[in-house]
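Features as listed in TrEMBL:
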COMPBIAS  212-224  compositional bias 'Basic and acidic residues'
COMPBIAS  508-520  compositional bias 'Basic and acidic residues'
REGION    207-252  region 'Disordered'
REGION    501-520  region 'Disordered'
TRANSMEM  53-73  transmembrane segment
TRANSMEM  80-98  transmembrane segment
TRANSMEM  110-127  transmembrane segment
TRANSMEM  147-165  transmembrane segment
TRANSMEM  171-191  transmembrane segment
TRANSMEM  351-375  transmembrane segment
TRANSMEM  381-400  transmembrane segment
TRANSMEM  407-430  transmembrane segment
TRANSMEM  472-492  transmembrane segment
Amino acid sequence: METVKGWRSDWRFPTALLCINGFFSTVKPVEPFLIPFMTGPDKNLTTEQVNNQIFPVWTYSYLSVLVPVFLLTDWLRYKPVVIFQCINLLITTSMLLWTNGVPAMQAMQFFYGVVTASEVAYFAYIYSVIDVKRFRKATSYSRSVQLLGYTVGSVLGQLLVSFDLMSYKNMLVLTLALISVALLACCFLPMPRQSMFFHRRHTGQNTATGDMKGDDDGSGDAKRQTRRSNGSLEERTGENVAEEEDGGKVLNEKGRKAEESCGQVLIQLWRDFCHCYSSRQLLYWSVWWAMATCGYNQTTNYVQVLWEHVQPSQNYSIYNGGVEAVSGLMSAATAYGIGHIEVRWEQWGELALGGFSGLGAAALFAMTFIGNIWVCYTGYVVFKCLYMLLITIAMYQIAADLSMERYALVFGANNFVALALQTIITSVVVDSRGLGLAIIPQVCYRKSIRNTCRAFILPLNADTHLFALPQFTIYASYFLVIAVVFSLRGLFTIRRVTTSKRGTTPSDKSEPPGFVEHRL
């Protein structure tokens, strides 16, 4: 019993359970083949229905529930929302398997938006139950297993489709079984006693922030870190029985005093928000984060529709799983490798954001206008790797001078802005109630002013036909604008740093000690 109790009190126990949940909930063999499944005989939907009526619901759902889920996650202390996410994932997969028709698929997309919004609980949970100095390892593990799960799911789906071992519906049944394992694992997660805002420990908050910065500077107090790491999990989860017997009443009383009202939490959130974004450097990185994440989500949501349009006469969709697996592995390798490269990102980072965003825009233009499926596959892999590279750099830079509480706040705010932008683009460009643009360039017959608004400026025939502007041209142009803005900003930053270095005279370094003492 002592061995089991000691193992449960170790930081590896909740981390392992969370990783099991993260892995099995992301192994989805049918996901790379979602468009062929929905437009095939199983669902019998058209590509236009999927593109213009069903997929936009996910964006609207995600945006509408993101803030309530974020606040509920903190108020309920993470674990219930992690379980809630698995339940919604089961509902989503079940509806995809057993329901038909556009309204049912729209409802399925709504529940999937709730799943995506609940993902904040998955990443925030681990910070509430382990010691600060374990954050980096735990974050690495929890993110890595998700990428591994996506890759395994893509490879598994590719094998099942290539060798005709399982139908799409049977693959969904397999997915339901895997999600059930994830749900079972998260039920055994220890319940945190504290959260970032509603149930925080005021006495330890500053210490935690200070310890984290002390570790980064190499000047942390070793004794203090040892004491905090040894007692961290028992203190945060309440698994230690002796502590509950001897000091349970005192802790409960302190907990009640530490709990914040909703109004106080919102005021504190606003103050933290204003404080974080008062840094101009953080603001620039956050602007790129929001804009690029918006474009990335929009591209990945509709890339399978693009693949279906490029070569409709040949069944190249059987390779979708392999492409997703390759892009996942290369993205993970790129994100991991950038962490071991020593670059002064505060000087060169904005230029890197602009330059690599330009390469991503070029990949999207190639995918749109070169009618070759292998160019589309290659462009998608390049685009995804570049985004994962840059978002990793952005995370490093934003998290450099922030406490974990404020990092979660900035992360959520950036994603909310990205979703707001994505909602605007979806409603105007994709939704059938808006322009409802096609995925690829095509010729359309001019029948009304509505078709004229949907069409490109340059007509193929001034009387009858117009060249329709495709969705992916919008996305590529969007990344081109990002590239131009941040390249100019990066060149300005480099020029400013170079000028400031030239303006520094060597006399400052050779002042006699007496002069320095007199000045002090």
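Glycine is no exception: its Cβ is also placed from the backbone N, Cα and C atoms.
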**Fill in**
Same-chain residues at least 6 beyond the ends of the transmembrane segment (381-400) with CB under 8 Å of its CB atoms are 281-282, 285-286, 288-289, 292-293, 296, 299-300, 323, 326-327, 330-332, 334-335, 338-339, 345-346, 349, 352-353, 356-357, 359-360, 363-364, 367, 407, 410-411
**Asked** Thinking of Cβ pairs under 8 Å, which stretch from 147-165, 407-430, 472-492 has the most of them with the transmembrane segment (110-127)?
**Response** 407-430
**Prompt:** Can you name the far-off residues of the same chain, 6+ from the ends of the transmembrane segment (472-492), with a Cβ under 8 Å from a Cβ of it?
**Reply:** 284, 288, 291-292, 295, 298-299, 302, 306, 348-355, 357-358, 360-362, 364-365, 367-368, 425, 429, 437, 439-441
